[in-house]
Amino acid sequence: MQPNDITFFQRFQDDILAGRKTITIRDESESHFKTGDVLRVGRFEDDGYFCTIEVTATSTVTLDTLTEKHAKQENMTLTELKKVIADIYPDQTQFYVIEFKCL
């Protein structure tokens, strides 16, 4: 069995598969992904594979520079997105946006 390249919380799986979630915002430990990378995607909770994505763009962002566009790409409100990011990455300010599409 091949290892997964990136994981998402299970609660995001349906939105990813339906194309409602088209970005992920990560910390520096996952800043190495590049446009064109093809990644196996698993669930964080059990590492179970559920799809393959292609990275379509990457950029940097801070909590203060998150926009409504980012929120829409995450299928959340901007307030929800800022809270989720702050909860997952407390005390961090610099983040990496990975835009993707399911293959």
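Each Cβ is built from the backbone N, Cα and C atoms, and glycine gets one as well.
If you look up Swiss-Prot, you'll see K21 marked as active site, proton acceptor, on the strength of sequence analysis. For K21 (active site, proton acceptor), the count of additional Cβ atoms within 10 Å of its Cβ stands at 19 [all protein chains shown].
The active site, nucleophile feature in Swiss-Prot is assigned to T24; the stated evidence is sequence analysis. In three-state terms derived from DSSP, T24 (active site, nucleophile) belongs to an extended strand segment.
In sequence order, K21, I23, T24, I25, L81, V84 are the residues of the chain that are 6 or more apart from E74 (active site, proton donor) and have a CB within less than 8 Å of its CB. Sequence annotations record features per position, and here Swiss-Prot assigns active site, proton donor to E74.
The annotation domain 'ASCH' is assigned in Swiss-Prot to 6-101 on the grounds of sequence analysis.
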Under the DSSP assignment, what numbers of helix, strand and coil residues are found in the domain 'ASCH' (6-101)? 31 helix, 35 strand, 30 coil
Local Cβ density at T24 (active site, nucleophile) - other Cβ atoms counted within 10 Å: 23
